[in-house]
Structure formats: structure tokens, C-alpha cells
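Colleague: So Swiss-Prot lists the following for this protein:
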| type | residues | note |
| --- | --- | --- |
| DOMAIN | 2-142 | domain 'Globin' |
| BINDING | His59 | O2 binding site |
| BINDING | His88 | heme b binding site |
Amino acid sequence: MVLSAADKTNVKGVFSKIGGHAEEYGAETLERMFIAYPQTKTYFPHFDLSHGSAQIKAHGKKVAAALVEAVNHIDDIAGALSKLSDLHAQKLRVDPVNFKFLGHCFLVVVAIHHPAALTPEVHASLDKFMCAVGAVLTAKYR
């Protein structure tokens, strides 16, 4: 997935609005994913999946950090997330469709917290970005 210059600007603009809320949004994204797509819980059998659990917050922080890292290296997402791609493909063996679920839930969280920022153009750019992140995280499955 190739991001245009406008896409990159839009994605960076959204993440500048997210700012210090990235960890909170990461946890909220996971909570939404676990509820909307309960099959994703199978990768977290050892987690307390209740609302506001410390484990969801901690993993949400990791998700947020990875997304921020991808934004900070938007011209080399594959390089920025290479180790994470290895982890998910070789050790965790996460079903690739789960990255699509995560991306969708992240878009919902952004829409809830920043409705004015999520214009149709920004929505499309953010969706392309999340697809690019998902593609990187599943690239080493082959």
C-alpha cells in the first residue's frame, strides 16, 4: 500500500491530535476489538480482559507505541516494524485478519474522540496507513 504525500500529511495530522492520548486510545482499541471480534481474545488467554484492566492498558501502550513508531517512520514502516513483524509471524502466529480488525477499531476510536478531524479524506488516509501497518506485520508470514 503506497501512501501519497497527502496521506502522510493527513496521518501525521491525526496523530498530532492524538498526542498524549495514544496509550489510552491503544487500550480502548483493544477493548473494542475484544468485544466486537471475540475470537481475537484467543491470543490473550492469560489476560484480564475486563474494562480498564492493567494488562489491556499495558498492551494498548505497546500497540500505541508501534503505531507512533510507524508514523515517525512513515517512509519506512517495514523497517520501523521489522522486529514486531517477526514476533507476530514467527512466535505469536497471529491470524493476519486480526490486524484488519485492530485497524477498524482504531478508526472507530479516532472517530469518537476527534470527529471533526476525521474528514472523508483523512479517514481514507488513516485507513490506508492502518492497512500498510497490517501489511508490514503480515509480510513475514509467507
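Even glycines carry a Cβ here, placed using N, Cα and C.
Since this is a predicted model, take the numbers as computed values, not measurements.
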Colleague: Across all chains shown, how many C-beta atoms besides its own are within 10 angstroms of the C-beta of His59 (O2 binding site)?
Modeller: 16
Colleague: Tally of helix, strand and coil residues over the domain 'Globin' (2-142) according to DSSP?
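Modeller: Breakdown, helix to coil: 111 helix, 0 strand, 30 coil.
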